[in-house]
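Feature annotations, courtesy of TrEMBL:
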| type | residues | note |
| --- | --- | --- |
| REGION | 1-26 | region 'Disordered' |
| DOMAIN | 56-94 | domain 'RING-type' |
| COILED | 142-199 | coiled coil |
| REGION | 229-249 | region 'Disordered' |
| COMPBIAS | 238-249 | compositional bias 'Polar residues' |
| REPEAT | 465-497 | repeat 'WD' |
| REPEAT | 551-591 | repeat 'WD' |
């Protein structure tokens, strides 16, 4: 068998077959063949040399309309005439030359035409040869023309057929691909419809159970109400009978007993009437409560229709991912009523739907001015709750850390709330972080690159780290290791510190400015680093030679990173987007759009369900982690009404912080105004 090769084949010696021996050529024939090859090669070389000689020395193209000079050089007529307009010498030998010393070179023109014809014959297609022959007047008979036309017609038909087959093949390929795509879509829709059918059946069954349970409770309440109304008159009758049996003089007391019985009956009737009025009042109260519940239900349904596409995508995504996973009642959210037969995806979506439709707006419950009357710069760069959500601290460009009592701010109306603790610093502050174990400790980073650990009780610094060479933008205490904290700076360095040491214990050199750092809440071994290179670098501190993963997707600098859970990471960027990442699977999850953020640090805060951030439009935006568009927003107003229109454009939200998993959060803007906002229906 012959060997087939798709690549270059190595030359090999072919041995003649013994059955048909090959005769060796005679010496004369070999010499003739060698001479013929040599002549051909020499001819090719001669033509190559002639081709070079046919080039005009001025334009380096084939000479057109050749003219000869007195010194013996040939040029294109237009080339040499143009040259002589500026100079009066030969371009080749520099001898004096004028236009009167130019003569037509007819021999060279003839040779050029012959060379051009030979060149065309080498490269021309058969059709061009035929056209050239017919144009030269080649004699062809009618029979030969008929044969030629027949061949051309058959060739044309064959080519048209092949072209049609190719087009049909392309069309068939497209249709097959389209059919496969639509079949896949149909299967997906049918699967989704089956999911929806199953879920409708399950929800309807559970809803009927709730209705029956409600009816049972209503009957029990009605029976209890009836029993209480009937039992109240009976003690008077029993007393009457007892008095009659125990009376020694029956006739003397008969009239008194009869009078008492009549009075008791009247009292019983009045009690029944009174109880009926109470029941009527209770029913009217329940009717008003039902009206309130109905209006709330209508409002929640409106929110569902407003975000229907996003909710639909969320439902289908969860239902497909958890299609065959049964609902584990022990792991579900407290908002979910555990029901047998619920699919895990449906239960998960019900949790999303209930939390998403639960709130519709932000309401202000307290407001205070953090600004200093003696400083025009009042930007609050950071605002953070302590471990127990009892105190919150603010810091910014006013070079001061202020600690407020949250309950005092919320419950005591006052135009000016005073901090319970105030600590002055040497430089403007960029970030704060409370210690999760010792609530008296708080860390700060400033514009000089200094990372400081403060004791709130003594109002003194415990540790100062001055290794950063430029402004430090971010600092964060570990939630699992109380003595560890991390910082990032404009000097391209991430440093890990230990409060038991005076110097950094880990240094990571990056290739761009560090805008934010954050410990994973479940482990002190992992940190997320947001950088000006538009990326998030996720590091394992046990091996800092390279990151575990680099999350790419933002188009500008990453200004904040926050963990919603051990596996969920949210990031903010000056490309006016928030993004959610899965650090376990190293995958992007969702992108949130709606706010405006192109140059400033506007704050980012998260809890288990919601993400909130500021905007350069002086608004606070709240997103549900499963929905890409905002749930609600709140716009800060200017207290100075006369200058509101002029100044509002220059203000922006600068810091935000959730109060753990509650619907309450702290917000601050570049004017120094701090508001306590709460999500309400």
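Using N, Cα and C of the backbone, Cβ positions are placed for all residues, glycine too.
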Item checked: the repeat 'WD' (465-497), counted residue by residue under DSSP: helix, strand, coil -> 0 helix, 18 strand, 15 coil
Margin query: Using Cβ atoms and a strict cutoff of less than 8 Å, what residues sit near the repeat 'WD' (465-497) while being 6 or more residues removed from its termini?
Written below: 430-438, 441, 443-453, 503-519, 521-524, 527, 529-530, 539, 541
Next item on the list: Please work out the helix, strand and coil residue numbers for the domain 'RING-type' (56-94) from the DSSP assignment.
Entry: 10 helix, 9 strand, 20 coil
